[in-house]
Amino acid sequence: MEHLKTQDPAVFEAIRQELGRQRDKIELIASENFVSEAVMEAQGSVLTNKYAEGYPGRRYYGGCEYVDIAEDVARDRAKQLFGAAYVNVQPHSGAQANMGVYFTILEHGDTVLGMNLSHGGHLTHGSPVNFSGIQYRFVEYGVREDDKRIDYEAVREAAKTHQPKLIVAGASAYPREIDFKKFREIADEVGAYLMVDMAHIAGLVAAGLHQNPVPYAHFVTTTTHKTLRGPRGGMILCNEETAEEFGKKLDKSIFPGIQGGPLMHVIAAKAVAFGEALSDEFKTYAKQIIANAKRLGEKLQAEGVDIVSGGTDNHLLLLDLRSLQLTGKVAEKALDAVGITTNKNAIPFDPEKPFVTSGIRIGTAAVTSRGFGENEMDEIGELIALTLKNIDNEEALNSVRSRVAALTKTFPMYPNL
């Protein structure tokens with residue numbers, strides 16, 4: 001980055017310091033990951049210069065013959081990864097992928113059944129402060145209070161009562177496997193469409209480690225980062241059942257409906273990431289993500305930290321801090337101060353406000369990319385517990401900092417940057 005260093009020292013320094021943060025801290029935010037240098041090279045390429053409104057072979061600009069190749073490669077690889085008949089890789093984010101589906105099949109005020117945000121859902125699944133909750137009439141389903149798992153019978157009853165046009169499955173803070181087949185059965189019973197937002201688990205689905213929603217859902221949306229380990233972006237997929245009826249409508253909803261020109265440098269980076277995800281090495285990586293999450297959860301429980309639902313089936317864990325008399329806000333700050341990055345997160349039936357919360361969410365995708373295994377999960381679990389139990393003990397916290405530094409030095413990040 002010699003040109004940037006000379007031309008804009010302020011931005012260069014911000015990037016340099018962020019690289020240092022990623023190298024020196026243990027990244028446990030469940031929605032984050034470390035992409036390959038090949039993905040970063042594609043995203044930082046000359047494709048950022050090219051406007052390409054439209055779709056391959058149907059552009060509103062000339063000179064698109066090479067960006068067409070990149071987009072076709074991305075679409076073909078995504079179809080292969082997930083067994084989809086239709087793919088749109090142009091959404092700039094997961095939120096815009098969701099918006100594209102909503103705009104395709106819903107009218108203002110239509111009823112939609114989605115997961116309660118505090119039970120693990122997402123802002124775009126009907127939060128009243130989000131466009132989804134403003135534009136449409138969302139009703140909520142959630143988890144049982146006793147075991148914190150989705151209550152499918154309650155989902156069925158809510159669907160029968162409210163007769164939604166669309167049911168949304170998928171979550172941003174739900175640590176258990178979701179039964180998409182059961183969701184489709186419920187949708188069929190009430191004549192609703194089913195959309196699955198698999199943003200958090202897409203990499204696990206691609207590796208065959210979680211039920212694939214594509215055969216069951218009318219529409220599947222995802223981000224391309226998180227467990228899929230690509231650039232930040234979104235994507236829509238459909239199976240053969242709905243591709244013929246809705247493919248062109250979905251394309252029009254994205255462009256010209258809610259977006260203009262696609263980000264061709266990001267789409268190229270998506271293509272690279274999808275190629276990586278097709279490899280045997282990625283399958284091994286995804287298996288390790290889950291093994292690490294399970295091991296970390298077991299260690300935290302052994303250290304006396306409560307885990308929502310008692311464990312995990314995927315990459316994330318939700319910690320209930322009430323028994324430690326801590327809030328998520330306090331815990332996030334304390335952990336960050338010793339070099340462990342997490343995020344405060346509401347737990348089901350949380351008595352605290354959304355900016356305070358009673359929990360923190362952690363995930364293992366990024367640390368697994370770094371090379372951490374189950375032995376490192378034991379140490380991280382111990383370090384988290386030590387921190388949470390000794391928030392005012394500076395001697396104990398300094399010991400944690402030293403151990404974090406030793407651990408991160410053992411597994412260097414981006415040594416060539």
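Residue numbers in this text run from 1 along the chain shown.
Each residue, glycine too, has its Cβ placed from N, Cα and C.
Annotated in Swiss-Prot:
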- L117, G121, H122, L123: (6S)-5,6,7,8-tetrahydrofolate binding site (BINDING)
- H225: site 'Plays an important role in substrate specificity' (SITE)
- K226: N6-(pyridoxal phosphate)lysine (MOD_RES)
Cβ atoms near H225 (site 'Plays an important role in substrate specificity') (within 10 Å, other residues, all chains): 25
Nearest-integer angstrom distance between the alpha carbons (Cα) of L117 ((6S)-5,6,7,8-tetrahydrofolate binding site) and H225 (site 'Plays an important role in substrate specificity'): 21
Length of the line joining the Cα atoms of L123 ((6S)-5,6,7,8-tetrahydrofolate binding site) and H225 (site 'Plays an important role in substrate specificity'), in Å: 18
Cβ atoms near L123 ((6S)-5,6,7,8-tetrahydrofolate binding site) (within 10 Å, other residues, all chains): 16
Long-range Cβ environment of K226 (N6-(pyridoxal phosphate)lysine), under 8 Å and at least 6 residues apart: A30, S31, E32, N33, A199, H200, A202, G203, A365
Residues flanking the (6S)-5,6,7,8-tetrahydrofolate site, with Cβ no more than 8 Å from the Cβ centroid of L117, G121, H122, L123 and excluding those residues themselves: G114, M115, N116, T124, H125, G126, S127, N130, A171, S172
Distance [Cα-Cα, Å, rounded] between H122 ((6S)-5,6,7,8-tetrahydrofolate binding site) and H225 (site 'Plays an important role in substrate specificity'): 16
Count of other CB atoms lying within 10 Å of the CB belonging to L117 ((6S)-5,6,7,8-tetrahydrofolate binding site): 24
